[in-house]
Amino acid sequence: MTKKQFKHGVLFYHEHTGIKDIYRGLGDVATSLTTFCRHLSIQLSENEGDIITFCQKIKDKRYSDDVDIIFILGGDGTVNELVNGIMKSELNLPIGIIPGGTFNDFVKTLNLNPRHKMASQQLMNAELRPYDVMKINDEYALNFVGLGLIVQNAENVQNGNKDIFGKLSYVGSTVKTLLNPEHFDYKISVDNQTVDGNTSMLVVANGPFIGGSRIPLTDLSPNDGYLNTFIFKEQSSSVLNDVFKQRDSMNWNKMTEGIKHLPAKKITIETDPQMKVDIDGEINLKTPLEIEVIPNAIQILTLPEAQATNQPESE
């Protein structure tokens, strides 16, 4: 993007992001965004739900009458709030995502650097691409829905404990958690098929990255009109170990005995007992769930794969 492609961009941020000096970070990001936005507004989101309210104001032209792109600086939870704001207000505007939190799984899908300064510079060469959105009951998400161990993981992270599915080794309490997972009964309907059983973890994925690691399934795409349900069979902690380590070249076929994979457009999930649900790192819902894919629902700035190769990760 060498010209001023957009008239008015709005950059949302929280003061409590993963960036140590948020104001310096905002300066770095704004330096890049103003190269392709004629006008850039920087908007603080003070409370949960503020971004959804701002999106409705933008939709109603009460914020400004010329906003034509929205940027978000934050982690997956903040991105999730923006996606809900876009979808619930039916705001047909493209978005740009700049990493600034503990996890930025979808940033990897966009081929962007995990550092906010570099990622904002890469947006200058990015192009808009359509992505599917997941609708979960009355909420929306870009990346995944998880039950079981993945919820335990999110709660551990929120409490300041070690991340089970992140980059750290499987040692200490992590091993104990994997070896002694809590199991639950499930009944899942995917399109015209019904499956039931008992498991320690269940994931419905749209994007290919969860907890910083790639799901080792080569044709998993966030814009193919399908969602992918993964049921982790009982006593499959070694499979959990493998899946959530960074092994991009892993042969998925070797693990099919430990994981059941069900692609679908519509999914219903019932559990006994009722289970908490992790949606892109946010634990706000409980089962039962009705999930469907909304194809090509949102346009997001994406760095072409060729330009993402060999990008430095330094500030």
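Every residue, even glycine, has its Cβ placed from backbone N, Cα and C.
Since this is a predicted model, take the numbers as computed values, not measurements.
Under the heading active site, proton acceptor, Swiss-Prot lists Glu282. Feature annotation from Swiss-Prot assigns ATP binding site to Ser45, Gly75, Asp76, Gly77, Thr78, Val79, Asn80, Glu81, Thr102. Among the features that Swiss-Prot reports, Mg(2+) binding site is placed at Ser221, Asp224, Tyr226. Residues or ranges marked as domain 'DAGKc' in Swiss-Prot (evidence: sequence analysis): 1-140.
Proximity of Ser221 (Mg(2+) binding site) to non-local residues of its own chain (separation of 6 or more, Cβ distance below 8 Å) is seen for Pro208, given in sequence order. Broken down with DSSP, the domain 'DAGKc' (1-140) shows 50 helix, 39 strand, 51 coil.
The Cβ of Ser45 (ATP binding site) has 21 neighbouring Cβ atoms from other residues within 10 Å, across all protein chains displayed. Close to Tyr226 (Mg(2+) binding site) in the fold, though at least 6 residues off in sequence, lie Pro263, Ala264, Lys265, Val293, each with a CB less than 8 Å from its CB. Counting only same-chain residues six or more apart in sequence, the Cβ atoms lying under 8 angstroms from the Cβ of Glu282 (active site, proton acceptor) belong to Asp76, Gly77, Asn80. Between the CA atoms of Thr78 (ATP binding site) and Asp224 (Mg(2+) binding site) there is a gap of 24 Å, rounded to the nearest whole number.
In this structure, Asn80 is the one among the binding-site residues Thr78, Asn80 with the smallest number of other Cβ atoms inside 10 Å of its Cβ.
Within the same chain, residues at least six positions away from Asp224 (Mg(2+) binding site) with a Cβ under 8 Å of its Cβ are Asp132.
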